[in-house]
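The block underneath contains the structure these notes are about, expressed in structure tokens.
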Amino acid sequence: MATTKQKVTAPSPSPSSSTASCCPSTSILRREATAAIAVVGDGLQNWTNIPSVDEKQKKTASSALASLPTTEPLSTNTSTKGIQIMTRAQTCHPLDPLSAAEISVAVATVRAAGETPEVRDGMRFIEVVLVEPDKSVVALADAYFFPPFQSSLMPRTKGGSQIPTKLPPRRARLIVYNKKTNETSIWIVELNEVHAAARGGHHRGKVIASNVVPDVQPPIDAQEYAECEAVVKSYPPFRDAMRRRGIDDLDLVMVDPWCVGYHSEADAPSRRLAKPLVFCRTESDCPMENGYARPVEGIYVLVDVQNMQIIEFEDRKLVPLPPVDPLRNYTAGETRGGVDRSDVKPLHIIQPEGPSFRISGNYVEWQKWNFRIGFTPREGLVIHSVAYLDGSRGRRPIAHRLSFVEMVVPYGDPNDPHYRKNAFDAGEDGLGKNAHSLKRGCDCLGYIKYFDAHFTNFTGGVETTENCVCLHEEDHGMLWKHQDWRTGLAEVRRSRRLTVSFVCTVANYEYAFYWHFYQDGKIEAEVKLTGILSLGALQPGEYRKYGTTILPGLYAPVHQHFFVARMNMAVDCKPGEAHNQVVEVNVKVEEPGKENVHNNAFYAEETLLRSELQAMRDCDPFSARHWIVRNTRTVNRTGQLTGYKLVPGPNCLPLAGPEAKFLRRAAFLKHNLWVTQYAPGEDFPGGEFPNQNPRVGEGLASWVKQDRPLEESDIVLWYIFGITHVPRLEDWPVMPVEHIGFVLQPHGYFNCSPAVDVPPPFACDSESRDSDVTETSVAKSTATSLLAKL
């Protein structure tokens with residue numbers, strides 16, 4: 001379910017409202033200036049053909065767009081035929097997330113397009129996101145309009161280089177739920193950036209397309225969760241059930257609505273449903289009281305979320321509240337024994353010359369890496385256009401787009417209510433929508449660049465989550481070292497990585513998502529799991545093998561967490577090129593014989609994954625299995641194809657039986673790796689709308705039935721990685737972070753180690769002796785007898 005987060009909220013716009021430009025500092029193109037560069041067209045078709053143009057001319061042409069006056073007065077012509085409009089230079093990169101202004105205009109445009117007042121009044125806005133343009137548009141922007149300003153990114157044409165005068169308008173995609181009709185629709189709005197003499201800078205929207213999507217339910221919104229909790233707590237039979245359990249103060253009661261999933265026809269998307277879980281806090285005067293320590297069980301509630309009515313209620317079984325746990329809380333001063341550690345000294349991260357990264361809008365450069373940062377309500381952090389600056393070979397692409405597109409959490413207890421706890425946290429709630437405002441010194445350390453995120457709320461207003469994405473450098477221990485044993489001379493380098501991250505809360509759990517970029521060309525994807533266990537209550541003397549007893553009457557069910565990373569790769573591929581393939585590598589043991597007389601031989605065997613059905617693969621640690629994405633037309637100095645390999649970390653597969661109900665919607669969990677040929681609209685492994693989805697195997701499992709060829713293609717990797725959580729007492733009351741992830745590592749991509757040119761550490765052999773630890777600096781133990789007992 002959704003959670004409260006720090007936001008700045010703007011009111012819902014009316015259809016006629018005007019908003020500020022997304023980039024108010026950008027220059028205005030004069031009407032006269034357009035003639036100097038070309039007649040401005042409506043899209044990519046209006047380009048100026050230049051059959052032969054050298055690099056100097058290209059720079060001159062592209063700089064002409066950026067060097068126009070910023071203080072040019074507006075026209076004072078006030079014709080009665082309409083407001084005078086002046087074309088603006090492109091101010092937002094085609095991959096930049098929608099600004100607050102763009103979201104407001106998109107919402108207002110859709111609301112104004114409603115056919116009747118009833119339709120307009122019933123509109124609720126689930127999601128407003130950028131329609132990501134074709135890769136050729138991205139190449140165009142990166143060549144002439146925005147960093148890295150590299151015209152070599154443009155595909156070669158017979159007519160020579162082409163310099164455009166403008167980029168096509170940005171577009172927004174809206175998922176709209178109509179609360180009155182229970183219909184879900186998708187809208188596409190074109191956002192034209194204009195400037196009007198009377199109203200100042202703003203956007204103008206135009207509906208390009210709209211359609212109603214039948215037989216689906218979109219994600220549940222945070223406002224719906226809050227309303228659902230209030231409806232349940234005010235329901236008289238529910239209040240009676242609480243009194244039967246000795247709960248008179250309803251302010252102590254927590255109602256966490258969960259999506260119902262799809263277990264039978266009763267869960268069909270013809271109704272918008274939620275089945276809440278109920279908990280009870282012990283104290284009301286503690287703002288961080290751990291209410292999850294006392295689950296209230298034996299009560300069945302089904303809520304019609306569309307009409308906010310309880311349609312089914314049953315007090316099935318009186319399960320006593322678990323006893324009050326003195327170890328339930330985790331805030332400072334309320335931990336075990338009520339004493340916090342006193343021997344933790346300050347640790348400061350100091351960069352006296354500032355960071356090594358450079359930021360231009362959403363464009364990031366660091367240690368030969370460059371990429372763009374995006375963000376969506378569903379996925380959260382998105383990394384675009386990943387490339388590496390490789391000396392004379394220039395900017396070499398690695399991936400078009402990297403993101404986490406889904407996560408599924410199935411529980412292993414067959415008893416009610418735990419058997420129906422199968423959360424799709426991205427598709428049913430939204431990872432980005434539940435992201436936090438991060439705090440300096442707590443979530444990130446060092447010299448930090450934050451990025452805000454803008455969303456629509458349920459009624460169409462704009463909400464801003466400040467400091468939503470954190471970007472910073474981290475020391476990461478040793479990068480490489482060698483000491484010559486003959487001379488005693490040594491060379492050592494310390495590793496540094498650039499980390500981009502965000503953190504979200506979904507009900508009781510926290511998930512922190514990271515993309516790490518390393519100096520040796522490696523990219524690491526990491527998820528950190530923490531938060532509070534989802535617990536169950538037990539009858540006196542009861543024991544369940546499907547979980548871990550926390551204390552008598554309270555237990556934590558076993559469960560699994562699965563994450564799906566979607567990676568549209570581009571190893572040495574310019575936008576528009578489709579020259580990648582995937583090979584699987586298994587290390588084989590040589591059979592004894594004349595080729596293996598010493599019985600010690602083993603070797604790596606490669607298998608080309610030729611089609612999508614062949615590319616449904618699982619991890620195999622016994623053969624050190626990994627997969628390499630290679631460019632079919634680029635070689636290294638040995639003549640081998642350049643590539644990047646996916647190296648699995650610890651992983652698992654679903655432990656539920658093959659007929660488990662949640663696998664109807666999560667068939668993609670049946671394999672660790674899927675490979676598909678890129679196709680627009682194939683974005684989420686369980687389909688666009690997994691909430692209450694009755695269709696078996698929608699999404700990835702259906703797409704691969706086309707069995708498209710992969711031998712030379714635009715490749716998308718879908719890597720599913722999971723963890724099986726058998727709870728420990730040490731996971732209570734709040735879980736220490738659990739790490740899970742994988743690595744993308746260069747494999748024949750470079751001609752040698754890209755990390756050999758990292759300079760020696762600045763502090764090597766120059767550390768002050770004052771930093772050496774002596775016996776006198778060792779802190780005395782502060783353990784008390786009470787702490788020792790606990």
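Placement of Cβ uses the backbone N, Cα and C atoms for every residue, glycine included.
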Can you pick which of His384, His725, His739 Swiss-Prot lists for the same Cu cation site as His559, His561? His725
Of 1-23, 346-368, 576-598, the range Swiss-Prot labels region 'Disordered': 1-23
Going by Swiss-Prot, the cysteine from Cys442, Cys444 that pairs with Cys470 in a disulfide is Cys444
Just the number: how many Å between the Cα atoms of His559 (Cu cation binding site) and Ile715 (Mn(2+) binding site)? 32
Nearest recorded site to Ile715 (Mn(2+) binding site) by CA-CA distance, among recorded positions Cys444, Cys470, Tyr509, His725: Cys470
Neighbours of His559, His561, His725 excl. site residues, C-beta within 8 Å of centre, Cu cation: Val409, Tyr411, Leu529, Val558, Gln560, Ile723, Thr724
Expressed to the nearest Å, what is the distance separating Asp714 (Mn(2+) binding site) and Cys470 (disulfide bond) at their Cα atoms? 30
C-alpha spacing of Asp425 (active site, proton acceptor) relative to His561 (Cu cation binding site), in angstrom: 10
Entry from the recorded positions list Cys470, His725 having the most other CB atoms no farther than 10 A: Cys470
Distance from Cys470 (disulfide bond) back to Tyr509 (active site, schiff-base intermediate with substrate), taken between C-alpha atoms, in Å: 20
When you rank Cys444, Cys470, His725 by Cα distance to Asp425 (active site, proton acceptor), which of the recorded positions ends up on top as the closest? His725
Cβ density check for Ile715 (Mn(2+) binding site), other Cβ within 10 Å (all protein chains) comes to 27
